[in-house]
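Working notes, structure below.
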Amino acid sequence: MIDVQDLVVSYGTATALEHVTLTVAEGEMVALLGPNGAGKSTLAGALAGLLEPASGTVRVRGRLALIPEGRQLFPDLSVADNLALGGWRSGRRDPALVYDLLPRLAELAGRKAGVLSGGEQQMVAFGRAMMSEPDALVVDELSLGLAPNVTADLAAHLAELNRSRGLTVLLIEQNARLAFDLCDRAYVLESGRLVTEGPCAELAGDPRVASAYLGGAIS
Amino acid sequence: MSAFLTYLLNGLAVGCAIALIASGLVVIHRVTGVVNFAQGTFAVVAGLCVSSLLGLGIPHGVSELAAVTVAAFAGLLAGVAAIGRRGTTPLSSLIVTLGVGVLAYAVEIVLWGDQPRSAPGLAGSVTLAGARVQTQHLLVIGVTAATFVLLALFFGRTYLGKALTACASNPYAARVVGIDVRRMGLLAFALGGLLGGLAGVLVTPLRPISFDTDVTLIVNGFAAAVFGALTRPVVTLAGALLLGVAETMAAGYGYGSHQLEVALGLMIVVMIVQASRRSTLSQEVT
C-alpha cells in the first residue's frame, strides 16, 4: 500500500532523509518512532506529496490522507467548513459521514476551528482527513500536546477504523507506548536514517529502544 | 446645502470606484500575500478597451462585459508573471507586479496612444433632495454595492470561495487537503483583474483615462486597502468611501489640484496609526 524505496529528501544542502526504505501493507498499522528532528515529518510530507524527493521513490496505492503535525486547521473557518474542504480530493462535501464516526464534531460544526481545544482540534484534523475517504492514513504526532484520555479516545477510533474498514495506518509518534499498543510493527528513525525495525513486541524488548523511548522501563 | 449633498454623492461614487480597485488588492493579497501594484493597470486596460469597443459601434453591455473579461485575463497574466514560478516570495512578486505595470504602459501606448480616452456612460442626471447627481454616479454606487454583496456571498457561501479563504488562512493546510495553492492564487489574480476592470468601465465615462491613470487609481486603492489592513473588505470599503468623499469635498471647495495629496496624506496617517497600534500590541504581549 505504502512503498518507500531508498528515499532521500534535502532542504537546500541539508539532507533530512537518507536512503529510507519502508513499507506498510494494506490494512496494516505501522509505527514510525524517532526523536525531534529525526526527519519524521519530512517523511510524512514526502508521503503526502508535499515534498519532492531528491532521489528514491514513494509509491502509494489508493488515496492517502495526512493528519499533519500541529493539526494545521483553517482557524478562521468553521468546523463544518474545515471538514468540507477535507473532501477536496474526493469531491465529498457533506460531513455527515464524519459526524457518524465522531459525533462530537456535529456539536462543534458551527464553531470556528481556531477557538477549539487541542483535543477538539485534533478530532477536526482527524475528521478532515477522513473526508477524503482515504485508503491509507498518515498520522503525524497524534498524541502531541493532548491529555492522555483524549489521545486514548482518538487512538481507539483509529484502531476501530483499521479493524472495520481495513484502513492502512502509518502512525508517526514520539510516544512509543501508544505506538506499541496500537501497531504490530515499527520503524525507528534517527537523524534521517532508519536505525532499526521489527515487530513492536521485539522492539519493546530492545534495550536501546526501551531506554530511548520507554524511559528505560518496559511496562 | 445642496452643493454639499452633491459633493457627498459624487464623493461616494468616486469612493465606490476606489473600493473596487482596493477590493481587488485585498482579494489578491489575502490569497497570495502579494501586494499587486499592477491593480490600477487592470482598470486602465478595461477603460481603454471599452472606449474602443463602444467607438466601433458595439452596444453597451457587450462592450463593458468584453472589457471586464479582458481585464480579468490581464489579471491572470499578471498572476502568472508574479506567482507562476514556484517558490517566489511575496516581496519578489510585488516587484514583478511593478514591472508588469510598466510593461503594460508600453503595450497600452502601442495599442491606444498616449492621449486620454473617454467613453459614453449613462446620460442625464437626477435630483435627489435638491442635489443634482449624474446617473452614471448612481450606477457606480449600485454596481459597487452589488459587487460587494456578491463577493461576500462568494467567499462566505461557496465551496470555491471557502477554498480561497483556506489558502489565505493556512496555505500549508490547504496543500495538505489537496488544494493547489498556486492555481488558487492565479484565480485570485483573475478575480482582482475583474474587479479592477469593473472599476475601469465605470470610471471611464466620468473621467477620461490614459495609460498612466493607473498611478492615481493605485494610490487611492492602496490607501483604502491599507485602511483595511489589506485583509478586511468591509473596512476597505469604508476607507474607500471616506477617501472618495474627502477628495471630492477638497475639489469641490477649491482644492482640486490637491486630490492625490489627500489620498497620500490619509494613507500615511493610517499607516502610522496602524504601525503604532501594532507595536503597542506586541509590547503588551511581551
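Here the Cβ of each residue, glycine as well, is placed from N, Cα and C on the backbone.
According to TrEMBL, the transmembrane segment annotation covers B:6-28 (among others). For the transmembrane segment (B:6-28), the list of distant contacts is 34-36, 39-40, 42-43, 75, 79, 128, 131-134, 136-138, 140-141, 143-145, 147-148, 151, 188-189, 191-196, 198-199, 202-203, 206, 217-218, 220-225, 228, 230-233, 236-237, 239-249, 252-253: same-chain residues at least six beyond its ends, Cβ to Cβ under 8 Å.
Look at TrEMBL and you will find B:40-59 (among others) tagged as transmembrane segment. Within its own chain, the transmembrane segment (B:40-59) has Cβ neighbours under 8 Å at 20-21, 24, 66-68, 70-71, 74-75, 78, 100-101, 104, 108, 111-112, 117-120, 192-193, 195-201, 203-204, 209-211, 213-218, 221, counting only residues six or more beyond its boundaries.
The transmembrane segment annotation in TrEMBL covers B:65-84 (among others).
Summarising the annotation, TrEMBL assigns transmembrane segment to B:91-113 (among others). Beyond the transmembrane segment (B:91-113), the same-chain residues lying 6 or more positions past its ends with a Cβ under 8 Å from any Cβ of the stretch are 32, 34-38, 40-41, 44-45, 48, 52, 74, 77-78, 81-83, 211-212, 214, 218.
Here TrEMBL flags B:133-155 (among others) as transmembrane segment.
According to TrEMBL, the transmembrane segment annotation covers B:185-206 (among others). Residues 13, 16-18, 20-21, 23-25, 27-28, 30-32, 34, 36, 39-47, 50-51, 64, 67-76, 78-80, 82-84, 117-122, 134, 136-137, 139-140, 143-144, 147, 160, 164, 167, 217 of the same chain, all 6+ positions outside the transmembrane segment (B:185-206), place their C-beta atoms under 8 angstroms from a C-beta of that stretch.
The annotation transmembrane segment is assigned in TrEMBL to B:218-246 (among others). Only residues 6 or more beyond the boundaries of the transmembrane segment (B:218-246), in the same chain, are considered here, and those with a CB under 8 A from a CB of the stretch are 7-8, 11-19, 21-27, 29-30, 35, 37, 39-40, 101, 148, 151-152, 168, 260, 262-264, 266-267, 270-271, 274.
For the transmembrane segment (B:258-276), same-chain residues at least 6 beyond its ends with a Cβ under 8 Å from one of its own Cβ atoms are 216, 219-220, 222-223, 226-227, 229, 239, 242-243, 246-247, 250-251. Under the heading transmembrane segment, TrEMBL lists B:258-276 (among others).
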